[in-house]
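Undergrad: Have a look at the structure that comes next, please.
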Amino acid sequence: MEVCLTESLKNFFKDDLEQFEIKLEEISRRNIDIPSIVIQIKRCCYQILEKNLWQLSYKVFTYEFHKFREENNFPINKGSSVAYNHYVSQFNETTISVWFEKYPVYYELIKNSVKNLLEYLTDVINNYYKDYTLLEDAFLSKNTRIEQVYPMDSDPHNGGRIVLCFVDSNSQRIIYKPRSLTVDKLVREIFQDALNIENTLGFIPVPLSLDCEGYGWQEYIEKSHVNHCELDKSYFNLGYCSAVFSCLGAVDLHDENIIFNKNRPYFIDLETVFQPANKRVIKNLVDTVNEMLLNSIVTTTIMPSKLSVFPHDILIGGINTLFPQETNEKVFRLKDFGTDGMDIVKETIKSTKQSTSFLFDSARDIRPLEFQTEFIAGYEKGYYKVLQSKNQIKRVVSEGDCILRVVLRPTTQYYLLIDACLYPENLTSPESINNNVLNYIKSSKIFTSDLDTQNIISEEKDMLISGDIPYFYIKYDSNYLETFSGFQSRCFEMSPKENLLNRLDKSSEKQLSLDKRFIAEGFSYIRMVESRFRNDLKNTEKNSPLFNKLLDSLESLDTNYMIDFLLENSIKTKNEEKMGWLTGIYGNTTLSYNSIMQVSFFDSAGILFVFEHIKNKKYTKKIISAFSELQKILDSNENGSSDSIISGKNSLLFLKGYKDQRIPEMEESLISNKSNLYANDLFLQPIGVSHVLSTFSCSNFELMKSQLKSIDYVNSDFKKFGIAHGKLGIKWAEFRLNQKLNNFEQSDLIFQSVLEMMAEVKKVENGWCNGSSGLLMVLYEMARRLNKRIDLFEFARNCTEIDDYDDYLEIDLSVCHGVAGKVQSLLFVYAITDDKRFLDLANKYWKKVFVIAKKNGYYTGEKSRDYLLGYFLGWSGIIDTAILLKNYNKGEKSYIPLNLSSESYQKELFNIK
């Protein structure tokens, strides 16, 4: 049917097509000295035309077929093709004419599609003959002929214009692009003239371009096979170029825009590489953190990301896993085509994205994780080259000129809108399309006024209704968004040129430090995908080389390097009064890299304890100074529990006031909370706040009494065993409240019930938050408060048992349910008992796990994630535990954060006067 329909449409526009072919011959005759490409252009024309006509028509065809079937009393039957064959047999230009009368918008779409294509290809052949001498000099061999012209897989813009590929008799290719190539030339000049990259890498990573005002010709880069021995150089080169693009504020450099020819990465389709912007006022720490994120490698899309325009479990990036990534998508498709039951249905299908800029000789090469070291080495070298060459780059940038495309919304959204427009009920009039589809377009967030919004949406509608993917552009030194129809609107405060220079000024060694952690995060995203396919990851793949020295310092308790590491990754306000961290994304979130919301005790605020334990008042003051800002973030976080003692605003009040005798603001949060204390979750629910407040000597006694009474066991639903989200945490809180209220008999009963829980805990559940290590801490606290003697050293030793010979055992180093949490529990028990066996056990266990971690790999709270900086999940909690261990080895009984209590309470437990 596709052939039948497109042939009928071509017959309908027979006169236009004949005139087009005559014009091609005339143009060719006027250029008799140049090898003709008339036949090649004709073939290309019909290839594009047939595809376009079918895409625009198959919904109308399906609808009209079913009307014919109903009128002739044929049943819906996907097992029969009687009605279908009958309909196709009488299909001709008359049928098309009836459709055109019935659906005027459909007629306009088809007419414009044909007219625009013929005009475009007429321009192409004219430009070919006009530029032939230049093409011979730049791209083509002498005395060769163009054998083929074919469409590339590009989006149609400005009247359906797409990228074409010309192939000569030597199989050499050149690309014809229906846009200005001035930006490609500018980027090439930056690499060539300002950075002299040929002397460093031996090539220029941007194809040679011939710009011809509004269109251009470009060198075709052949994606070639990469030998395994060249991969290290490939990733070094990519890292070097990535640093340059990052410093320039480049965007949209995902895997489809990077092609490797042997070990050389080439960056193509650079029409969106530089963008305009609106000015950002940096008023506080949150603004500063956000600015550092926006000035990072993350915005280039070279590092893999989960983007909101794609299914969130698919990674998009220039560096990516080479294994297929599968996701479910809802799509409209033609079902049971060719039968009497054919229909357009909305289905959920499993789609696969397989990303790579490489071609490989063998499957063993599909391992980007092995080359993180080379990528980082290239990135560092490239970044330092930019820092050294800022003046030279500024000269090229300042003298440059180009036109850039501005992407207002993802192209996939435009395709979906066009697809929706093509249903027959929408093709009867422009009003139908607008009312049923286009009036639902929402404004883009980049506009500065309502007037901008309405004008631009109107432009988008006009382009969509003509079947085009909307195309907006901006001149290099302009603030005005424009289209080729004459539309112009001042939408931006900074031109692309100003934004580029601003971004270049922001490049710094500090930014480089943050970028390296983002790189580690990006490679971890790849690791998570690859772990589904592979169980043979090498040590070089399991962890980032960035953390090797940190691992050594933790093993040897070298606190100087640990502190330097945290400071290197910190972000300070301009006046240096406040400091914070981007601690890294964890969990199944749709975000990548943007951990600005992670500011609680669980995450970045917990880093306070690191500097408390080294007695550095300078940095503790800076961290606490930021808490008022961070609290606003937690208040605005609708997804989390704002009252949580671990991850809510109360966690900040606790950290700020743990040395005080009372925290009135936390008490007020309990008073204002009208719900019962459901006895389910110490971490997330208000009972955690009561649990902590009961350890402050001057907490409101009546409030504690009311909190104990309001614990609701009827609605309890324990999902886990341990302190976090489990029964043990609730028992611990109930014990403390009873102790606070002098209910000693009840306290003793709770202690006995917790002792019985030792039989429940499984050997594999031995972390602080989820198992036996947490139980150990709770039991020794209870025993100390009740003046009871217990000896659980064998139980503690079982908590720290580890199989030295398990080569697949990766070590969880985290505070929450890993090594650091166990060690803090052991140090807590030692502080209470002065039993040196527990301190010795902590030291032996610490040394042992780092030997295994170096051999087998490790993570910082979640599998495959080695980049986290938070307290419960991340390096800061591990570092703090190392500092605690060092302090205790020196005889200093430091405060243990995981006990979730006031400083005075712990001093009493530890018998510190």
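Note: Cβ is positioned from N, Cα and C throughout, glycine not excepted.
Keep in mind that TrEMBL annotations are predicted by a computer and have not been checked by a curator.
The model shown is predicted, which means the values in this text are computed figures rather than measured ones.
Feature annotation from TrEMBL assigns Zn(2+) binding site to Cys769, Cys816, His817. TrEMBL lists 103-474 with the feature domain 'Lantibiotic biosynthesis protein dehydration'.
Describe the structural context of these features.
TA: Annotation for Cys816 (Zn(2+) binding site): spatial neighbours Ala724, Gly767, Trp768, Cys769, Asn770, Gly861, Phe872, Leu873, Gly877, criterion Cβ-Cβ under 8 Å with sequence separation of six or more.
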Undergrad: I'd like the number of other C-beta atoms within 10 A of the C-beta of Cys769 (Zn(2+) binding site), please.
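TA: Other Cβ atoms within 10 Å of Cys769 (Zn(2+) binding site): 26.
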Undergrad: Residues other than Cys769, Cys816, His817 within 8 Å, Cβ to Cβ centroid, of the Zn(2+) site?
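TA: The surrounding set, listed in chain order, is Gly722, Ala724, Gly767, Trp768, Asn770, Ser814, Val815, Gly818, Gly821, Gly861, Phe872.
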Undergrad: How many neighbouring Cβ atoms, not counting its own, are there within 10 Å of the Cβ of His817 (Zn(2+) binding site)?
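TA: For His817 (Zn(2+) binding site), the 10 Å Cβ neighbour count is 25.
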